[in-house]
Amino acid sequence: MINLILLGLPGAGKGTASERIVDKYHLTHISTGDMFREAMANKTKVGLEAKSYIDKGNLVPDKVTAKLVEERLGQPDIKNGYILDGFPRTTVQAELLEGITKRLNKPLTNVISLEVNEKTLIKRLSARFMCKNCGATYNKISKMPKVKNTCDRCGGHEFYQREDDKPEVVKNRLKVNEKMNTPLKDFYQKKGLLTVINGEQTPEKVFEDIDTVLSNNQ
Ligand code: AP5
Ligand code: MG
Ligand code: ZN
């Protein structure tokens, strides 16, 4: 069983790596960012609350986020293990997660941190765009759709830039997340769960490194 956390600053490639991990290991992908974006699109109570933080690049309060994760992790489709992408992001969330995994009896097996320098992160985020229909992620520099103006995944033709990928917001997002990053890594380092991977490599090579870690764990 693999129950994995992917750590990494905004743009480190958590979503990109998750897709490849899901393809091979059939884990359930849980991205708090994706869940919030869906809630915002549906204008739910959580979505409206989250929007006021996300659009400025700030963190949604720990308790709101942890509740969302506990509900999701408690669902029956999570039998082959899970990837948490973007949660936890603070040591308070990491401690809340300890309680959640105990209550649900779904203990963590691995924590992988994707390390990318700030200059690359800014470049990646400013070049990212998304499919309006299915949310698939593209990049003007490294990942254009295979057929011009057509989503590889759903065939959609409309794309958009995430509100929080605009340059003013990116700066704050990086600052907010950088502050929490080292304490979070220390937390899992002490538990002997952490592996650090060079996220500057190609997506293929990043996955190869992750695969080496995970295949040792099966
Ligand atoms: P979230 O959606 O999780 O955003 P994030 O953490 O800022 O991470 P990103 O999704 O921007 O980046 P990623 O690492 O997935 O990179 P990707 O694979 O897309 O969260 C959004 C917001 O929600 C937060 O700011 C916060 O407000 C709130 N939130 C979420 N979780 C929360 C929590 N736990 N607590 C409180 N608030 C929370 O890649 C980026 C780009 O680079 C893409 O274009 C991709 O194609 C490209 N790329 C990826 N890998 C490579 C590579 N190896 N080489 C070249 N290009 C690459
Ligand atoms: Mg993501
Ligand atoms: Zn699509």
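Each residue, glycine too, has its Cβ placed from N, Cα and C.
The range from 1-30, 31-60, 121-150 that TrEMBL describes as region 'NMP' is residues 31-60. TrEMBL names Thr32, Arg37, Asn58, Leu59, Val60, Gly86, Phe87, Pro88, Arg89, Gln93, Arg173 for binding AMP. Of Arg153, Arg162, the residue it gives for the same site is Arg162. The number of other Cβ atoms within 10 Å of the Cβ belonging to Arg162 (AMP binding site), over all protein chains shown, comes to 18. Figure note: comparing Cβ neighbours within 10 Å for the binding-site residues Val60, Cys154, the maximum is reached by Val60. Taking a C-beta cut-off of under 8 angstroms and a sequence separation of 6 or more, Gly15 (ATP binding site) has the following same-chain neighbours: Ser31, Asp34, Asp85, Thr137.
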